Amino acid sequence: MSANPQWDISRALGVAKLFHLVCGARDACVAPFLTLYLRQLGLAAPWVGILMGTKHLIAAVWAPVCAFLAKSYQKRRVLLIGSLLCSVGASLLMVLVPPLDRDRSCNGSHSATATVLPPGVTLTVNVTAAPSSASNHPAGARSLLAEGSPGVSGTDGFREGPGEGSQEPFSHRLDFFAGSTEGARTTSRVLHPVTSGMEDTPWEGALRVVGTSLPLLAGGTAVASPASRSAAKRNSWALDLSLEGLRWTFILSLGFMVFWELLAAPLEQVADDSLYEYLDFVDATDRYRSLWIWRLLGMSAGVCGIAALVGQLDCFLTTSGPRGVVYFYGYSLVSTLALLVSIAFPVPICRRREPSYKMVKALSLVGGDPHLIILGLTVFLIGAATSTVQDFLFWHMKDHGSSELVMGFSVALGLLGEILLHPFRSPLLRKLSRVGTVGLGLGCLAGQLLYYSFLWSWWSVLPAQILSAVSHGALWWAVGASTEDLATPGTERPLSSMFRGQFYGVGASLGSFVGGFVVMRFSLPVLYQACCVVLLLWLALFLSIQPRLPQERKVNYTKLLAMEASDTSDSEQGSERDWLVKAMKDEHSDWRG
């Protein structure tokens, strides 16, 4: 068998493990920190939510289409190599997006400083406009915000732009520069101009700050009052795409991210399908199940490594612009390494004639099975809730003073916890049943979201990350076991792919779209508390409806025939060792209660 390289299973598994390890590190270089980078570009939460929602939606729709075409035309290796090669350049396009604040230094400092006032104390800011001639302010000059230029920092901590200010309230300028590039850490001020009798210079005089809205700052303890929070809600500058700088930043970010996702999204599914079919030719698919661990190990190493490099190399690579360009350089470098590994990645040459309508058959199976319908709605809600954590948790941590290294360690902590819990997978599913494990996972996810809404320090997120082993790992084990047992022969993988790709991806897309506007209208804690309430309500409905569903006690003979020979040996004595009796008892215990 080893004489033919096509069927060298040991070599194929070794290459596959290395490929999963490298691709895990590659994804972890950017994915966890992408929304943080978009925030540093100056985009507010709604626009970041739109960008991430579009990204999730493209991955859910485009990946299966490319996988089907690559299989039909036997171009899987071409797609793998092309996806990795083009992703190297596409990711670097994000570095070219101009930030709203072009004066930002490499250490993330900003010229605008937020001042927290005690209740009842007002702040008076004197802004003196120097006389200027018509030559300095041409008639066709745009305002500072429309031009997108950084302006000049004044002694009061705010910037005075060179353009005409008569077309835009000065309070909007202060709001823009104090809040736009800091995302959730905004300082909204309501300013009332007090003129000095000089009608030709309306900005010459005193501007009195009568309200301050400031969420909890990094290292600070100031919370906005209800009155000032209401004033901040009325401030809609962050949604005004008529501002030229904001419009170009958003449009370029959207275009580059769509192009990047179209190239990168099919990689994982095409690689998984190729490896599974390769192992299926020699009846070695049982060894396919353990490869996911290597991907999690790569993600753990990648997220910690890139987070450590950001603090060391960011100022070396760029002295101006947003912090985080190292993420994209690291992604491109690791993608190049994955490209080299993909050349030897196992791709089956011979192809079995299989029906091409398996995805349609899997979809019809979902529509006719109430168990799968309820499970699909559960996965949809899991995707929506999880996307809010992926999109905005690092914003919340940044507001409390967390560094990128702490953020990376928090992600690695959850991934390692999932790996350590894996040896208890079978006992957990056997003791709690699939329904009980799904309920436990939903409860842990709701508890995490509630905990996130009450963060108080830069390290306070770490204890909750341990629950990710259950809220993500055990939850998906139960979902996978359910789809495998409820699927008809030949639809196991299409059904599992539909749940992990389409149902979860569409839910994540909707969660990102809605979550951004909830953060803008209310706050991050409110978003997490709302998600917690929705999950708890669905958990109660999920558990209450299960006894009323029709109980299906069928034996999956495909799985029985694939059991190890030790379970079917003729030397085993007694009915307790008989594989058919044992399987029927397991099937009965799974749906009991």
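Every residue, even glycine, has its Cβ placed from backbone N, Cα and C.
Features reported for this protein in TrEMBL:
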DOMAIN    21-529  domain 'Major facilitator superfamily associated'
TRANSMEM  44-70  transmembrane segment
TRANSMEM  77-97  transmembrane segment
REGION    132-167  region 'Disordered'
TRANSMEM  248-271  transmembrane segment
TRANSMEM  292-313  transmembrane segment
TRANSMEM  325-350  transmembrane segment
TRANSMEM  362-385  transmembrane segment
TRANSMEM  405-423  transmembrane segment
TRANSMEM  435-454  transmembrane segment
TRANSMEM  526-545  transmembrane segment
**Asked** Near the transmembrane segment (405-423), which residues from the same chain, at least 6 beyond its ends, have a CB less than 8 A from one of its CBs?
**Response** 28, 32-33, 36, 293, 296-297, 299-301, 303-304, 306-308, 311, 394, 397-398, 458-459, 461-462, 465-466, 468-470, 472-474
**Complete:** Among 77-97, 248-271, 325-350, 526-545, the stretch with the most Cβ pairs under 8 Å to the transmembrane segment (44-70) is 248-271
**Prompt:** By Cβ distance under 8 Å, which residues at least 6 away from the ends of the transmembrane segment (248-271) in the same chain are close to it?
**Reply:** 19, 23, 38, 41-43, 47, 50-51, 54-55, 58-59, 62-64, 66-67, 70, 76, 79-80, 82-84, 86-87, 90-91, 93-94, 96-100, 148, 241, 345, 497, 501
